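Right, one structure below, let's go through it.
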Amino acid sequence: LLLDLLPPGVCNLLNPAAIYANNEISLGDVEIYGFDYDYTLAQCSNLLHSMIFNTARDILIEQFKYPEGLGKYDYIPGFAIRGLHYDVQKSLLMKIDAFHYVQLGTAYRGLKPVPDEEVIELYGGTQHIPLYQMSDFYGKGPSLKQFMDIFSLPEMTLLSSVIDYFITHGIEFDQVHLYKDISDAIRDVHVKGVMYKWIEKDLEQYILHGDEIYAVLNRLVNHKKKLFLITNSPFSFVDKGMKHMVGKNWRDLFDMVIVQADKPNFFTDRRKPFRKLDDKGSLQWDKINQLEKGKIYKEGNLFDFLRLTGWRGSKVLYFGDHLYSDLADLMLRHGWRTGAIVPELETEIRIINTEQYMHSLTWQQALTGLLERMQMYQDAESKQVLLEWMKERQEIRSLTKNLFNPQFGSIFRTFHNPTYFSRHFTFYPRRTPLQHEAPLWMDQLCTGCMKTPFLEEMVHIR
């Protein structure tokens with residue numbers, strides 16, 4: 001039945017390399033293009049995650065005096081996904097949807113899943129986590145922390161590994177101290193420049209994609225667009241990476257280069273003034289009254305940047321990998337157009353294009369339609385059939401989740417809802433397509449093909 005339902009070629013509808021838009025934009029109106037550096041212009045290899053994990057783990061053992069047995073833990077590629085929340089007080093790493101509901105089956109304490117019943121009991125008999133605990137738009141509640149950037153993958157895995165060691169060995173620990181120690185260890189890897197030294201020593205091994213970056217930047221410049229770069233990384237690191245990818249004259253392409261910007265504070269804090277660096281990266285002391293092409297600046301803030309450049313509103317398009325600290329403020333407060341670089345999207349689209357995913361999704365939608373159509377029948381036999389359908393639908397949901405990540409599923413959706421990572425200000429009453437899934441929506445494919453029971457009646461349900 002499913003093979004009849006799926007049109008030929010449906011499993012290759014989506015282009016993994018495409019750009020997916022949540023809003024209409026005319027590139028002809030864009031005059032200025034801005035970029036983050038790490039995971040935007042420079043794509044780092046997954047080997048970097050193992051190095052961050054190992055170094056932070058060793059810091060915990062050597063400097064924080066954590067048990068030496070932690071040295072047996074290695075980084076687990078594919079354990080965590082971006083966008084997860086961590087409940088510090090309950091030591092729970094979990095996926096939460098856009099409506100503040102925990103996705104059952106995705107709550108982990110250490111490296112082991114927590115039963116659904118225990119999760120519901122921990123939150124007072126519900127899967128819902130109220131807004132005051134989630135706190136503001138950035139997911140930084142009093143006890144809930146959200147992991148949004150790609151560098152957070154080794155941090156989540158280290159957090160889970162340490163908790164696993166303590167639980168396995170029956171060691172009591174203070175949840176707050178443990179979370180802070182691990183955060184500090186990961187921060188030291190970045191702040192003390194250890195990570196930058198690894199990459200600078202072996203650019204070929206750690207930095208991917210060079211030719212495409214040069215082609216894009218060069219084309220923009222040739223079409224008279226202005227370019228700027230705002231990054232938290234230090235100048236020497238950015239300079240070596242850009243020379244590796246783009247060439248020794250990479251700075252000629254940019255009207256403005258700002259390093260060690262301290263984002264997200266750069267976008268919200270007015271206090272830090274810009275400082276100029278010389279060509280060797282040494283600090284200058286003069287007061288900055290203008291931002292000059294070809295010069296390198298450090299720190300600063302967005303308000304001075306807007307005042308000195310006049311680059312405001314929808315004529316600016318800025319690309320970054322952190323949906324909140326790079327993009328949300330710029331869009332909501334300043335009207336910039338923004339582009340999110342989401343490397344995981346390519347992998348997820350390749351999974352969406354598989355026959356197994358399409359079969360699971362189509363039958364799941366068909367079962368949902370049957371449940372809606374037949375739920376008014378309340379005799380004992382009908383109830384039993386409905387229960388079996390619900391059980392089968394749940395099994396298919398779990399199967400579909402596991403295609404993306406066995407622990408946490410897709411970074412974009414929790415079964416029928418969008419995740420907290422991908423939330424938009426839209427109401428989703430039931431499973432509706434996200435931008436990269438739109439061509440796969442069942443009623444677009446199959447409303448003309450009446451081979452499924454009750455499909456005619458299901459057409460209006462959306």
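Just so you know, the numbers here start at 1 and follow the chain as drawn.
Positions of Cβ are set from backbone N, Cα and C atoms, glycine also.
The following features are taken from TrEMBL:
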type: BINDING; residues: Asp36, Asp321; note: Mg(2+) binding site
type: ACT_SITE; residues: Asp36; note: active site, nucleophile
type: BINDING; residues: Asp38; note: GMP binding site
type: ACT_SITE; residues: Asp38; note: active site, proton donor
(message) Measuring Cα to Cα, how many Å separate Asp38 (GMP binding site) from Asp321 (Mg(2+) binding site)?
(response) 8
(request) Determine the Cβ neighbour count for Asp36 (Mg(2+) binding site): the number of other Cβ atoms within 10 Å of its Cβ. (result) 24
(message) With every protein chain in view, what's the tally of Cβ atoms within 10 Å of the Cβ of Asp38 (GMP binding site), excluding that atom itself?
(response) 24
